[in-house]
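Participant: What TrEMBL shows for this protein is this:
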COMPBIAS  142-158  compositional bias 'Gly residues'
COMPBIAS  167-220  compositional bias 'Gly residues'
COMPBIAS  221-238  compositional bias 'Low complexity'
COMPBIAS  601-610  compositional bias 'Gly residues'
COMPBIAS  631-650  compositional bias 'Gly residues'
COMPBIAS  658-673  compositional bias 'Gly residues'
REGION    142-256  region 'Disordered'
REGION    601-673  region 'Disordered'
Amino acid sequence: MLPIRAHATVIFLTSGTSWTVPSDWNSSNNTVEVIGGGGGGVNNSATSNGNGGGGGAYSTISNLSLTAGNSASYSVGIAGTAGGGNGGDTWFNGATLAGSSVGAKGGTGATAGAAGAGGAAGSGVGTTKFSGGNGGTGLNGGGGGGGGGGPHGNGATGGIAAPTGNRGAGGGGAADGGSAGTNGSGDTSGAGGNNRLSVGGGAAGNPGSAGTGGGGGGAGNTTNPGNGSNNAGGSSNAETLWTQTSDSSTAGSGGGGGGGGYGYTGTGGTGGAGGLYGGGGGGGGYATNQGSGTAGAQGIIVITYAPLSAPTLTSNAATGVTKSAATLNGTITATGGEDATQHGFAYGTSANLLTVIATTTLGSFAGTGSFSGSVSSLSVHTTYYFRAYATNSGGTGYGSILNFTSSRATLSKPSNNLGLVGYWSFDEGTGTHVTDFSGNGRSGTLIGASGSETTTFLTSGTSYTVPSDWNSSNNTIEVIGGGGAGVTPVNGCSPGGGGGGGGGGYSKISNLTLTGGNSVTVAIGAAGTVSGGSGGDTYFNAASCAGASVCAKGGVGTSGVTGGSGGAAASGVGTVTNSGGTGGSGGSTCGGGGGGGGAAGPNGNGGTGSNGVTSAGAGGNGGQGDNTSGGSAGSGGAGSGGVGGVGGVGTEFDATHGSGGGGGGGGGNSSGP
């Protein structure tokens, strides 16, 4: 059986000849278990003792390799018929028992002169095999049937009828490592054998009772002369070993049926039926009217497997980050039942990786463990997002999304091989300071220079002329939408203070191709007007936000108590998009106004404005810009009419340019607005 059965799928095959391998079959974690059919008990007559049938054998195999969608042939062993029929062999994945992947012999039916033999483990196919129990010999009373083999051991032998001159029948043998049926003694019939847990044997009686081990023998007629009319042996039920996933039905290895009791001048007791699955039938009891032997139980195939699933991974921090390259790292922590056929990393500048720059393919990966992959041709000082992935037949698993930022360009000292008096290198990040690499100490400051980067701020106008030194392979364009306006209450104290306006969104694009001297259309998002106007969208290189190379949405104004939403990242255009902060809601009953949402920026979303306090309470604070890196939040005004503070100016780009903080809400006043 499987070492771990949690979430396993269990399937019973009790009929049919072909099985289609399911799509989630796991060739590295499965078992196939089979039990042969039980042999039938024979009738008792003047020329035939009522001998019991043999139990079916058990075999199993683990981790059978099968291909999803293919068909596997099988045969389920038939029950040995009443009167001494042989139980059929059970096998899986083959046309014969000998040619199968796993198979178990059926028990032999009893004959007039001998009890049936249990299915032999040595004749089966599998990595673990157990024999069925032999049937018991009958005389006046019938012999008990042998128990079926199971995953815990051999089937036990059926009990023997009492010797000549006595009337007791034998009890059925238990299945799966249980005990033998009790022999008849004098006029007392034997009980069925207990199961492997030392319980469950059926009691002898008139008729014998069923049990979860073996069936009890039928009581013999002790009146001489007399007419025994109900001396049947007990049938056997199985201990539950398996539960089928689809319908919660249960199955196990069946015990042997009890022998039928002696009936004298009446009718001999019928033997008990073999228990499902693989139990041998009990023999009939002797009388003027012969007692009938009973059929054994059919076999079964039990398939158990842990369904195949996608690998489980973690993404690990990037290492070796430079201005143009990095090493990405990940770990496969669980295979999902099959080695990965492909693994690697997806990366890009989109925070949710809905769009990616590339997906690396590193090939197959055996088992679990860590792996790495290098990426190159990165843009300078740019944030990249990545996650590890791995694929098998069960699907593709992903690690969490992590990020890193490529470094700024650094200078290396050139070699002075020319005997120069001075040697200066001008590169990104040097600013106005230049270093003399000649070794002659002539470093200095450039007069009237601003370094190698040119930054331009557009805060008005509708057109931009591309400069002659434009570099299409090294540039960024960042835009922030206009902020929405808060609302002025118009109904006094009801419903309450006005909501704050939403902050403008942020978007960015890198390495935009433009031609020097050409003009591009721009739009600068206007500020939302008092009271409640929405901020305008800001976009570049188009006549609309949707068609622009980069666009950030304006914050939404508000018309009531509820604050306006920030400019949505999802509605912007760019490789990096962040949302503006939502405005706070006004407090009820002459409450303070909600704080305005902060503008989004290169470091994240804008902060959310705080709600105003109820009942002439203080106004809500504004949200800080750019994920706490931008302009400070304006403070809410004090209760009873305090004036809200102005949001701070953002300084991410220079001393006066950045993502602004939201303004504070005004304090409430019970005397009206």
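Backbone N, Cα and C atoms are what each Cβ position is placed from, and that goes for glycine too.
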Participant: Going along the chain, which residues at least six beyond the ends of the compositional bias 'Gly residues' (601-610) come within the CB cut-off of under 8 Å?
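Facilitator: Here the qualifying positions are 478, 480, 500, 503-504, 506, 508, 563, 566, 569, 576, 578-584, 594-595, 620-630, 633, 636, 650, 652, 658-659, 661-662, 665.
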Participant: What is the number of residues in the compositional bias 'Gly residues' (142-158) that are helix, strand and coil, as DSSP sees it?
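Facilitator: Secondary-structure breakdown of the compositional bias 'Gly residues' (142-158): 0 helix, 2 strand, 15 coil.
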Participant: Which residue counts does DSSP give the compositional bias 'Gly residues' (601-610) for helix, strand and coil?
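Facilitator: With helix first, then strand, then coil, the compositional bias 'Gly residues' (601-610) has 0 helix, 2 strand, 8 coil.
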